[in-house]
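To keep things clear, I will list the structure first and then write my remarks on it.
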């Protein structure tokens, strides 16, 4: 199937989000669609699949003009959009999800389970995944759920599959399986439109890339004929310089020491320390227990054993409240469910961790409250109409900056970051790295959990690797401080430890 | 890039109560035109007096609903505390002591709701459905199913429900003062922020260091306290304690909160909206009574007015 979209315009309540956008998808190609958050990628794809109607422009499928007004029509034509927030029903089984709305039934409307199982089996085999069809959806990992979505697409005989950041929450192994599946689909003539912020993936899997900026078409390039820097320049309209800005911090005394942290079945005997001004990267596969260890340090997740020392003194932290009182801050992995009150204003979110600072005898000082929010907007350059704007209308990068300001103003001595740049576009990513560097330079001890290896290697002084709840090792990432023959942090060494291997 | 207006949330807040405000004004004006009895000062004061009990309960309910919870037990809690108070007075306890015990019991029973919900991890609906049943049962056990009267003529006890101050009934004063106090707590204090945060995103609130369990227990405790205070007003006004007192009070309170635009999911809403809701219900009850509308029809009319007010709020 060959798709051409040209001259696409679309406005929402006077705000033009697409101006003359275009994209061309050939049969059997993997085509990356890139651009910063708000560049119009999703809108363009939703117009293609009939979720939105375009104001003007042309969509050709195999040379014939089409105008889908409902996703169902696009699906019947073989174009399927797999959303980032997967559209499956968590309480139903895999089988029920696969055939939702398209159940196979025999006489009298009785479901033909055998027929469905057979078909499901065929599709899942084709994908090379072994997921029992009567498993409840919510028991599956995100990667497995993604596979079910692809299986759903194959069941309706999709010719073009659109995927929005499919690997955001996938393990490395799952990503590998996904890429293999996409390549196989490509050979059978199925095209994929691949939306992702992860440069490495674009260069690994995609054939061509189209870049949008501010709703406009910037260009389409063959991946083999371009490079990371020029793509970034296309996306943000200027040079970005170093992806990972340099840091000039003085590493001081040990701030936090974790000893023998254990939670049965989740993590065992984890011990490490982090010093003032240092960024300790925490790497490992998804599900290795990294987040849980951090939550436990923060007093959110009860542990079975282990001690916590702050500046060499043993402290008892059993609630986030206590952790904050010891100067620990925690920027959580999931902005929407753990980080923000989405429908509340920037002001209300920033002040929540700083209630003591903006009040006198528990009575809120309105002026201080407002000042703090203004300071956040200014100092972290949060792009918004003002501190009263509610968070749900902001981009991921700006939401993340609100969470940072929420914690920075508590003046933490130790700051834990869990996936600080997930779902954040290139420009905002660099701003966040700058914030992290400024904090470290001020003497904050930073622990940064990240699944992006390049981010770990670009930002950390040392890297701790977690494998199945155990600390697999700590690697130095500063060549200037390396001892002779010391094992350094590198992509290979980290992956070896993360997958349970031994360093030679 | 984003051109959404700065004042969006504020306009939203005002609009949230606009439907209810209009409903209140329209009803008030309409009844005033139709009935001279309705618009008399005396009647308006007695209307406010009638509003006071539902007012107190609804204020407590607002705090609870702001966290996404519900307190179904208020009517039963009111009955149990007043019956215990009446029994104590009947047995010769000084009315002051008995009245304090009523409030204290309200605090304890309210806290129990909160503990069942937080420590016991019960759904608020289930937890308070259980206590609603149990508190009512205990009320019948203690009273033997009989009304308790002959409470003497203590000036304090009779003053709470029947007295006036500056020619305004004492219950109206109590409602105004408690409203102002709770308004202040919810809107101007750090505790209020924690309440909204708990209702808006409980997990995020916990991770920001808010003790959401403590916050909830306090809110259910306040709800219990206010329900028992409402019970004292009733006890004083009626001069006796019926074991059937307070049946269905939770529905009027929840209706007032809903009328006031507070989201049943928590996180959004204002206590002054609840006050408007309370007044709408009081105006309806009083006006329809004066016009001799049968109480069967009253309920239907009440339901329709609530539906209209809530529907008009939804167009935002």
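Each Cβ is built from the backbone N, Cα and C atoms, and glycine gets one as well.
Automatic prediction, not curation, is the source of TrEMBL annotations.
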**Q.** Correct range for transmembrane segment (source TrEMBL, candidates B:198-216, B:217-235)
**A.** B:217-235
**Q.** Distal contacts, the transmembrane segment (B:95-118) - CB-CB under 8 A, six or more residues away
**A.** 60, 69, 71, 73, 77, 80-82, 84-86, 88-89, 124, 127-128, 130-131, 135, 151-152, 154, 156-157, 160, 213, 216-229, 231-232, 235
Q: Go through the chain and flag residues at least 6 beyond the ends of the transmembrane segment (B:14-35) whose CB is under 8 A from any CB in it; none is fine as an answer.
A: 259-261, 268-270, 272-273, 276-277, 279-280, 283-284, 286-287, 290-291, 305, 308-313, 316
Q) Between the transmembrane segment (B:271-288) and the transmembrane segment (B:217-235), do 3 or more CB pairs sit under 8 angstroms, pairs being 6 or more residues apart? A) no
Q. When you check the transmembrane segment (B:163-185) against the transmembrane segment (B:271-288), do you get at least 3 Cβ pairs under 8 Å, counting only pairs 6 or more apart in sequence?
A. yes
